[in-house]
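What TrEMBL records for this protein:
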ACT_SITE  A:ASP7  active site
ACT_SITE  A:GLU68  active site
ACT_SITE  A:ASP141  active site
BINDING   A:ASP7, A:ASP141  Mg(2+) 1 binding site
BINDING   A:GLU68  Mg(2+) 2 binding site
REGION    A:164-186  region 'Disordered'
2 protein chains.
Amino acid sequence: MRVLGVDPGLTRCGVGVVEGVPGRPLTMLGVGVVRTPADAELGHRLVAVEQGIEEWLDAHRPEYVAVERVFSQHNVRTVMGTAQASAVAMLCAARRGIPVALHTPSEVKAAVTGSGRADKAQVGAMVTRLLRLAAPPKPADAADALALAICHIWRAPAQNRLQRAAAQHAGRAPLAPNPASKGRTA
Amino acid sequence: MRVLGVDPGLTRCGVGVVEGVPGRPLTMLGVGVVRTPADAELGHRLVAVEQGIEEWLDAHRPEYVAVERVFSQHNVRTVMGTAQASAVAMLCAARRGIPVALHTPSEVKAAVTGSGRADKAQVGAMVTRLLRLAAPPKPADAADALALAICHIWRAPAQNRLQRAAAQHAGRAPLAPNPASKGRTA
């Protein structure tokens, strides 16, 4: 199961790809940040986010995209940009028929650290350990994107299968339809 | 000057196209609503909004797109969907090199009624009068989209020209580059 996690933002949009199944060691396939200049026009920034997400989808062909759920209770100065960047990420995935899952920040923290109120350093430390990295990914948005992907792999695999079946066809098959392959490869 | 106004929303996204210049009668070229089912997945709804906006851009080739500026102070249950739909509209325009302008609801109301605190009925009545329509456009989202387009035509034409020059090339020329046409056709 290959998941692209997206920590949405206009200035820094964290992206990370993790492959694995619950109960086995996970593998990081890539991590990075899509940046757009703060002084650019909003429309152009959204186009740049779209191009960046498209490149990550092209490069890694994830089966799921996990995006942080945005709450309007957050800082009112940044929440609009976050909502807009997350809309672009969801749009890019849905256009390709890739199921999109939303996870709240506390769900993600709880998944990787055991506590929904863990701080950034704790999340970074656990992501580093779980993915057997040499050092915590920087910036924090990149680590958060990997945590989102891990959270999605670990949470509700049955729900994932249902969503995927609805979005594409029955079973755990990869994106390209392959009805002959019914065995469990994961 | 041809403007597509967009009153963003996931359930109902109002769209209206108005042509004209300040100080002369305005012409409505089209009005409608892009709808997406409330029970569909968010990603699919965003794809449907994108397709709808693309169809309006294809059909009317506006020189500007005016989108209502979303504030996070609004109803927290709907503001996220509004922000996401507005992001899709801005993305569609910016991808084509069409300048995007944001106007606040009070700017739009003040432009068409003279009062930033006018109610829906007042806005609908003035849109009907200014565009010489037989009846107010329904639903209110459609009337609001036309009001946005009118507001954009009337507000800061000098600023529009600068923005357009930056986005495309100098002057008031249509979207397709046509350097030979320097005369004022509007």
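Glycine is no exception: its Cβ is also placed from the backbone N, Cα and C atoms.
Under DSSP, A:ASP7 (active site) is assigned to a strand (E or B) in the three-state scheme.
DSSP assigns A:ASP141 (active site) to a helix in the three-state reduction.
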